[in-house]
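Going by TrEMBL, these are the annotated features:
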BINDING   B:Thr96, B:Ser97, B:Phe124, B:Pro125, B:Thr126, B:Asp127, B:Asp184, B:His187, B:Tyr207, B:Trp237, B:Thr263  pyridoxal 5'-phosphate binding site
MOD_RES   B:Lys208  N6-(pyridoxal phosphate)lysine
There are 2 protein chains.
Amino acid sequence: MNRDDCLALDAADPLKAFRDEFVLPEGVVYLVGNSLGALPRRTSERVRRAVEQEWGRELVGGWNSAGWYAQPLTTGDRLAPLIGVGPGSVVVGNTTSIAVYQAVAAALRLNPSRNVVVADVTNFPTDNYVLEGLGCEIRDISEGLHDDVAVVLLSEVNYRTGERYDVAEMTARVQAAGALMVWDLCHSVGALEIDVSAADFALGCTYKYLNGGPGAPAFLYVNPRHHEAAENVLSGWYAHAEPFAFEPRFRPADGIRRFTVSTPHVLSFAALEASLDVWERVDLAQVRAKSVQLTSLFVDLVGDALELASPREPERRGSQVSFFHRDGYPVMRALIDRGVHGDFRAPDILRFGFAPLYIRHVDVYDAAQTLLEVLDKELWRDEKYAQRLAVT
Amino acid sequence: MNRDDCLALDAADPLKAFRDEFVLPEGVVYLVGNSLGALPRRTSERVRRAVEQEWGRELVGGWNSAGWYAQPLTTGDRLAPLIGVGPGSVVVGNTTSIAVYQAVAAALRLNPSRNVVVADVTNFPTDNYVLEGLGCEIRDISEGLHDDVAVVLLSEVNYRTGERYDVAEMTARVQAAGALMVWDLCHSVGALEIDVSAADFALGCTYKYLNGGPGAPAFLYVNPRHHEAAENVLSGWYAHAEPFAFEPRFRPADGIRRFTVSTPHVLSFAALEASLDVWERVDLAQVRAKSVQLTSLFVDLVGDALELASPREPERRGSQVSFFHRDGYPVMRALIDRGVHGDFRAPDILRFGFAPLYIRHVDVYDAAQTLLEVLDKELWRDEKYAQRLAVT
């Protein structure tokens, strides 16, 4: 596979037109869309409208006229097809950590005779930290599914390695063991064809492959079979049966609205809405097919130059490729200095995310060639790459 | 006091220049700044910069280069003087409901031998609903402060009547009774000189008098004496001692950062930052003095035409004036139809908020005259005002 072959694949790519819908920096191959997705071109105008027209002119009337009040539900319905579930089963708002808290707290109450939550020590840490705040007993998935397990919380795609669980198989196994299944979809939504309709709960963020913007609101799916019995421990006024009745006692809303909490972050929602305007025209089967092509091409081109941390079989990974390197930090800095943006995860992981809506085969080719050059010529040994960036 | 007297007061107003910093709709007297504050002129450009430059160009680098990562703390430090507390004691993020949950959960754990939370049945309902989610025993403030009371949660200014608690006196009384004091400042921040430095926790929203925008992030103050012992039950990765170490177990950060949760809603923060650019030039003593003038003028001008629901003594109320009216809903709609925007709270409250940065004495005069005309001529009896607006 040479560069011209890649250009030919790009010319035949059914998703190629989507690249023009994103603002992409000149001279950069941006392989960090699995961390923060690129800016859709339409977003700035949508946010400007939310600020200047909806807020500036409508003022408090915007809660009705601009649909702010219903955003957690209307945006949830737009997002639902991306995770394979129906309308009326997803709310949008808050953050992934808060959605984990809501989901696992509710799942524990639905399974009160058991008290263990099984997680994966390799989950993104916030998931496991939040479990500690819930005060439950936590056990690693490697210890199996015993009969005291109430809830299992797993990420469909692992944030470090890109390894993917078989959602259908694991959901069935967990439920057969008498536990409830909660999926974290942060690293899969917008990159895979997802179907969590059999799961009990699912959640994730919208700022990675979905391009909702930095800190965009999270989503929470609750299986409709739990809508009547599930409790939302974060029972804010939005979750009340009649929020504007201002009743003294909490009475949960029917349906998915009982999993809202309170006032949505309207300006952050505006950006997410603009991104969903793009996603509603996307065929997820094409996204997945292109993702497999891009990641496989990168694995093939890098070859034996680095030890692969991701599964080699494309069906077992998401849309990212990770490699081990003892000096991963300076390697990544040297790469970024040459216009190839991936990221580093301590202690030794080089991560590259491939967002199929705006990454081309030729980008993969160029990124691989740059990476091979950095490794071959040991360019990363330059001492300017050794110093850590402050993140405080 | 006639209209010319009001114009003279406006000409001498030390805050008069601030009005030009806001986008205000033509032909409207906006007395709903206690619900959603008006748009500061600088906000649109600040948000555009966050979208197009910080996100669009810096991409994931914005976490460092644009200071997103530190927003919960840096914005907290900017907000701290508005509530009379020092730097390093306030975090910004999430929503008021979530901050109530964090504060009361932490306060209960700090006072483990007691199990009752005292609230005010007239609090904004979300505060009391959230307490139900915490599973504690809830008792109304009217029942007194017995020795089983762990925590007291009150709003400095009541959302319906505008009645104000004496924060210093009540904080001292609650603490003398062995309980922890949590203040909700939603209806006071930006309208009063606040000093909650003696309280245990305080929280509030930033979209009312502070003009942070619809659904702007909330704030949470934790008294530094609790920073070492207090626990954040929403222990997301931002609250970890070393978030980027990705350790498997949660270890709380030192100081106020342990009360952050997770990724900030960056675009919503951008709007709040623009608003704080205004507030850092504001003298809160002038704000309070003008607020007292405006609300007193409105009370005087309306006179006996309506029954006052707010305290008559200005020192006992915030920056809003409420009246009772059995047909409050059509009365308010008739007023809005004539360019005077207040709001209605079921079952019988007409609410008028006076944001001293952009409301003039002449606005108060005009609003009162319009209200008196609507009442005197019974204009609200027109059947077009009877139909409720759908809020769903």
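Counting starts with 1 at the first residue shown.
Placed from the backbone N, Cα and C atoms, the Cβ positions cover glycine too.
Because the structure is a prediction, the values reported are computed rather than measured.
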According to DSSP, does B:Asp184 (pyridoxal 5'-phosphate binding site) sit in a helix, a strand, or coil?
strand
Could you state the whole-number distance in Å separating the C-alpha atoms of B:Thr263 (pyridoxal 5'-phosphate binding site) and B:Lys208 (N6-(pyridoxal phosphate)lysine)?
23
Take the recorded positions B:Thr126, B:Asp184, B:Lys208 and keep those with a Cβ under 8 Å from any chain A Cβ; what remains?
B:Thr126
If you measure every Cα to Cα pair among B:Thr96, B:Ser97, B:Phe124, B:Pro125, B:Thr126, B:Asp127, B:Asp184, B:His187, B:Tyr207, B:Trp237, B:Thr263, the residues listed for pyridoxal 5'-phosphate, what is the largest value in Å?
31
Looking at the binding-site residues B:Phe124, B:Tyr207, which sits with the largest number of other Cβ atoms within 10 Å of its Cβ?
B:Tyr207
Any idea what the Cα distance is from B:Thr96 (pyridoxal 5'-phosphate binding site) over to B:Lys208 (N6-(pyridoxal phosphate)lysine), rounded to a whole Å?
12
Take the Cβ of B:Thr96 (pyridoxal 5'-phosphate binding site) and count every other Cβ within 10 Å, whichever protein chain it belongs to.
28
Please report the number of other Cβ atoms within 10 Å of the Cβ of B:Lys208 (N6-(pyridoxal phosphate)lysine).
27
For the C-alpha pair, I'd like the distance in angstrom between B:Phe124 (pyridoxal 5'-phosphate binding site) and the residue listed as 'N6-(pyridoxal phosphate)lysine', rounded off.
14
What does DSSP say about B:Lys208 (N6-(pyridoxal phosphate)lysine): helix, strand or coil?
coil
Proximal but sequence-remote residues of the same chain as B:Asp184 (pyridoxal 5'-phosphate binding site) (Cβ under 8 Å, at least 6 apart):
B:Thr96, B:Val100, B:Asn123, B:Phe124, B:Asp127, B:Leu153, B:Leu154, B:Ser155, B:Glu156, B:Ala202, B:Leu203, B:Gly204
